[in-house]
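Trainee: My questions all concern the structure below.
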Amino acid sequence: MNDPGIHYLVGGVLIFLTLASLITALLWRLSPAPKEKPVLQNLASRIRAWWVMVIVFAIAILIEPMGTILLFAFISFLALREFITLTPTRAADYKALAPAFFLVIPVNYLLIWIEWYGFYVIFIPVWVLAFIPLLSAIGNDLDDFLERSSEIQWGILVCIYFLSHVPALLILDFPGYAGSTSKLLLFFVIIVQASDVLQYIWGKSLGKHAIVPKLSPSKTWEGFIGGVGSATLLGTLLWWATPFEWWQASILSFTICLFGFWGGLIMSAIKRDRGIKDYGGILGGHGGILDRVDSLCFSAPIFFHLVRFYFT
Amino acid sequence: MRAREAGLQLIASFIRLVCGVRPLTGNSLPPGPKVFYANHTSHLDFTLIWAVLPQAERLITRPVAGKDYWIRNKVTRFVGCDIFNALLIERKHITRANNPIEQMHRVLESGLSLIVFPEGTRGTEPVPAAFRSGLYHLSMACPDIPMIPVYLENLNRMLPKGTILPIPLISRITVGSPLPFKADHGQRDEFLTEARQALIDLPELESHE
């Protein structure tokens, strides 16, 4: 981990976070009754959670590649747990759920660890998705069978397979960029998360026109355009950390912001359908793990395959 | 003794971690001995109620469990008696000498609390089955003891009958206030129906917060 690029990226995030903490503290100090302002409270707890997330993530990527792979395996576990908790599975689904947690997660991440790309790409989409409904079926309870088994499939696909494309970036092989894939992973995560944060900031300050009013009043055109635009700009400015030209970094940043936004929208639709606000309560101010990684889940496989197709 | 208490606290934290719940804060519970009654869906049920209690309460709370099941072998006996300090009762061949209600009465009189499952056996549905008469007789025997409904969700999905490895879902436990009414002669079925309804109403009351 001697690459100075990694240090610049992590240092930049820490500086940004420190600034955010200082600004929030200042706003808190200036507000006459900060405890009665839900936005300010939410902001303060969000930033606290960000500190924890950034520190955990920074430690994980320093232990390359083991730390990153283990961290994402654990995030998959927590995300799947949140997802399955909200789906109407029944006791008969035990036979499908036990292997989903105790077999699919370890095997999927082990395949990344041993860099067996060919089996990794088909393990979940082919083998697991074919077996899971079978295991549900032999549970001998056919009420809502299709709904139950497809929701377990969805959970596995989004929370394990899609999400695991983030650490899978580590096994990409670029000519002339060997040993620097942690930097690419960091670039990707920074852009997706920055896009979320910037959408939040733009939306809170200027947002007026909801994109899908039925789904979420806080996802506005102003937030979307401002957030995706500024995150794309950030991605362009960080091109030096990637194996791409500046204009390629720009196009890729725009694409991952777009898919990240769609991911957030899709996962919100599921929450709306279930009548809940958050997937869980593990991250103060953010809701559950799945509320934080929804945009990563959907942009990671797209980014991974675009990069793999054009650059390796 | 201190090592045992620390051990129990550790086990309780582990159970809460697996079930994804936070501990209760103590001040919501009435002081002194009480009876927690809950819907019964899995073996995790009593362990979770035990695990969310404040440590001081936990040390004086005994789950009531079927003797035939828990004395089967050394492992179940160790878990049931040594860890959870369960009060084992007969489920069949009940005589005057081993009357479960009297056993429970004695435990409550000695100042300890109990966890009971008035359905008698584990169900698989979210709504508990009709209550057996035990809770009524217990309330008749100890009219001053508060009866506290506890509603458990998701535990039968985590550990259905016949399995031993829990799936790590996020469960929910809702502890209500003591029943405002008491059992009295001849009103058995009404008491049981109302006690059951108080349990069923819990999660809905909670979600209106």
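From the backbone N, Cα and C atoms, a Cβ is placed for every residue, glycine too.
Source: prediction; values computed, not measured.
Pasting the relevant annotations from TrEMBL:
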{"type": "TRANSMEM", "residues": "A:6-27", "note": "transmembrane segment"}
{"type": "TRANSMEM", "residues": "A:47-63", "note": "transmembrane segment"}
{"type": "TRANSMEM", "residues": "A:96-114", "note": "transmembrane segment"}
{"type": "TRANSMEM", "residues": "A:120-140", "note": "transmembrane segment"}
{"type": "TRANSMEM", "residues": "A:152-172", "note": "transmembrane segment"}
{"type": "TRANSMEM", "residues": "A:184-202", "note": "transmembrane segment"}
{"type": "TRANSMEM", "residues": "A:223-241", "note": "transmembrane segment"}
{"type": "TRANSMEM", "residues": "A:247-270", "note": "transmembrane segment"}
Trainee: I need to check the long-range neighbours of the transmembrane segment (A:184-202): which residues 6 or more away from its ends have a CB within less than 8 Å of a CB in the stretch?
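Mentor: Same-chain residues near the transmembrane segment (A:184-202) but 6 or more away: 6, 9-10, 13, 57, 61, 68, 166-167, 169-170, 172, 177, 219, 222-228, 230-231, 234-235, 238, 241-243, 253, 256-257, 260-261, 264, 295-296, 299-300, 303, 307.
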Trainee: Name the range, of those listed as A:6-27, A:47-63, A:152-172, that has the largest tally of Cβ pairs under 8 Å with the transmembrane segment (A:96-114).
Mentor: A:152-172
Trainee: Mind checking which residues reach the transmembrane segment (A:152-172)? Cβ under 8 Å, same chain, six or more beyond either end.
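Mentor: Contacts with the transmembrane segment (A:152-172): 64-65, 68-69, 71-73, 75-76, 79-80, 83-84, 87, 89, 93, 96-97, 100, 104-105, 108-109, 112, 115, 117, 120, 124-125, 128-129, 132-133, 136, 181-182, 184-185, 188-189, 267, 290, 293, 296-298, 300-301, 303-304, 307-308, 311-312.
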Trainee: Report, as numbers and ranges, every residue of the chain located at least six residues beyond the transmembrane segment (A:47-63) whose Cβ falls under 8 Å of a Cβ in that stretch; write 'none' if there are none.
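Mentor: Result: 1, 6, 10, 13-14, 17, 20-21, 24, 70-71, 182, 185-186, 189, 283-286, 292.
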Trainee: State the residues, same chain only, that lie 6 or more residues beyond the ends of the transmembrane segment (A:247-270) and have a CB under 8 A from a CB inside it; answer 'none' if no residue qualifies.
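Mentor: Same-chain contacts beyond the ends: 86, 158, 188, 191-192, 195-196, 199, 211-212, 215-216, 219, 224, 227-228, 231-232, 234-236, 238-239, 279, 290-291, 294-299, 302-303, 306-307.
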